[in-house]
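A.B. asks: Let me begin by handing over the structure; questions about it come next.
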Amino acid sequence: MIPSTYPNNSTMAAMTARMLLDIRAVHFNTDEPFTHASGLQAPTYIDCRKLISHPRIRSTAMDFLTCKVMRDAGLEAFDNIAGGETAGIPFAAFVAERMALPMSYVRKKPKGYGKTAQIEGEMPEGARVLLVEDLTTDGGSKLKFVDAIRNAGATCAHTAVVFSYGNLPETEANLAAHGLTLHSLTTWADVIAEARRGSDFNEATLTEVERFLSDPGGWRGDRGLNTD
């Protein structure tokens, strides 16, 4: 793979946003907000895992993600590609294949039998590992996976995702404080811009979603929703 043969990063961001919209991975509902794993409600939901069921779009998105990592971090920056259990595993496999590198995966916690391993696959001591996931919000789950990688004797200074929320400045700051650089293909801003160009959602919905993204706590508070 030669990164210079691919579109620039902003074009790849827009194209990835369009692909996510086309496979109906993006959901907005301002009347009945979605409840996320954190327990907080939001009018936005994205399911990047749908990519694995759409081969042509999946292939393009994984080409783009691999290209972005190689542009940002370098062609020879890694020795191993690791996926986080479970959503990150297929994406790590796709990236590892494109970079011709070994792949492993990281469990959320050590298994309670056998060798009680938390890292599956071979990850040599000192290996430079790229952690691949489907998306990131506040980056919290990434840090747990990175800690497991580092505790296994490898190094991990980079994580790559298809989608980053992009409206939480503390995310990259939190990751950077732990020595981790985030590489993401596309964000909510890219998705909304593409949705507006393609008329995927009405303008009232997009405007309300933008209000939420600019002030999530205020948006929830105005509706009497949990803000903690």
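Here the Cβ of each residue, glycine as well, is placed from N, Cα and C on the backbone.
Here's the feature list from Swiss-Prot:
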type	residues	note
BINDING	R107, K108, K111, E133, D134, L135, T136, T137, D138, G139, G140, S141	5-phospho-alpha-D-ribose 1-diphosphate binding site
BINDING	T137	orotate binding site
A.B. asks: Just going by other Cβ atoms within 10 Å, which of the binding-site residues T136, T137 has the emptiest spot?
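C.D. replies: Lowest Cβ count within 10 Å among the binding-site residues (T136, T137) is T137.
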A.B. asks: If you measure every Cα to Cα distance among R107, K108, K111, E133, D134, L135, T136, T137, D138, G139, G140, S141, the residues said to bind 5-phospho-alpha-D-ribose 1-diphosphate, what is the biggest one in Å?
C.D. replies: 26
A.B. asks: Comparing the binding-site residues D134, D138, which residue's C-beta has the most other C-beta atoms within 10 angstroms in this structure?
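C.D. replies: Neighbour-count leader: D134.
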A.B. asks: Tell me, how many other CB atoms lie within 10 A of the CB of R107 (5-phospho-alpha-D-ribose 1-diphosphate binding site), whichever protein chain they belong to?
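C.D. replies: The answer is 16 other Cβ atoms.
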